Amino acid sequence: MKGPLKIGLMDSGMGGLSVLKGILKYDAELEVVYYGDLKNSPYGEKETSEILELVRDVCKRLQEENVSAILLACNTATSAAAQTLRKEFSIPIFGMEPAIKPAILQNPGKKIALLATPVTQREKKLQRLKAELGAEELILPVSCPGLAGLVDKGEFDEAEKYLRPILKKLREENVENLVLGCTHYIFLKHIILKNFPNVRIYDGNSGTIKHLLNSLQVRQRVSNRSSVSGSVYKLILNSDEELHFRLATELLQFENKF
């Protein structure tokens, strides 16, 4: 009897857990292997060539787990490495897509702030997407160096201090729409809404997950709250710190907060 489809997820740290949580909401028979490269996090301020090498190494490690496909559950990794690695690996390599398109389509002519790492902001992938949508003048790039690292350490009070002046400036500029271009930032939605209550937040997790499941021909029935997902997962964190394993468990459990 054929077993569950086995897929790999990778991220520089904790951000991709937000994608794993989304996958687990579906009543699907999947076996997910999650690899958090905490030893080398954060990726967001590194050189593109270094990120490519790191992501390549993680994908090789995931191949050793006999996965059938890999999702780079990290916008920075996707921007820096996805195009190259798709040519190098025999299994499908999927990546993240910032939810710029739905934000633009639902708010024609309105300013859209894009919170992302410096690498994601500068890479050609994002520039091509903005050009395709004719959105160069509407997208306000907001680089957030160091913010993902605060999530990896569970320092949410520090993350709020970091975000307050950014959100204040966006309010003053009458920005009403915010795209989260980093999977780490999904875990900061509650902080963003606390400091900017009326902002509309967009992220690419849902669209990416649906694309992944469609491409792999996996059924997409969302589980009821009382039901249990058919998926199982394995966490691999290349960290010796107990904090990281404890935080990963908390991030996967606190559904209402995050």
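All residue numbers here begin at 1 and follow the chain in the order shown.
Glycine residues also receive a Cβ, built from the backbone N, Cα and C atoms like all the rest.
Taken verbatim from Swiss-Prot:
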ACT_SITE  CYS74  active site, proton donor/acceptor
ACT_SITE  CYS182  active site, proton donor/acceptor
BINDING   ASP11, SER12, TYR43, GLY44, ASN75, THR76, THR183, HIS184  substrate binding site
Cβ atoms near THR183 (substrate binding site) (within 10 Å, other residues, all chains): 33
Sequence-distant neighbours of CYS182 (active site, proton donor/acceptor) in its chain (C-beta under 8 A, six or more apart): GLY15, GLY44, CYS74, ASN75, THR76, LEU115, ALA116, THR117, THR120, CYS144, LEU147, ALA148
At a 10 Å cut-off from the C-beta of TYR43 (substrate binding site), count the other C-beta atoms across all protein chains. 29
If you count the other CB atoms within 10 A of the CB of HIS184 (substrate binding site), including all protein chains displayed, you should get 30
Using the Cβ centroid of ASP11, SER12, TYR43, GLY44, ASN75, THR76, THR183, HIS184 as the reference point for the substrate site, which residues of the same chain not in that list have Cβ within 8 Å? GLY13, GLY15, GLY16, SER41, PRO42, CYS74, ALA77, THR117, THR120, ALA148, CYS182
Let me know the DSSP-derived helix, strand or coil state of ASP11 (substrate binding site), please. strand
If you skip the near sequence neighbours and keep only those at least six away, which residues in the chain come within under 8 angstroms of SER12 (substrate binding site), Cβ to Cβ? GLY36, ASP37, LEU38, ASN40, SER41, PRO42, TYR43, GLY44, LEU54, CYS74, THR76, ALA77, ALA148, ASP152
Might you list, by sequence position, any residue in that chain lying six or more from ASP11 (substrate binding site) with a Cβ less than 8 Å away from its Cβ? LEU17, VAL19, TYR34, TYR35, GLY36, ASP37, LEU72, ALA73, CYS74, ALA77, THR183
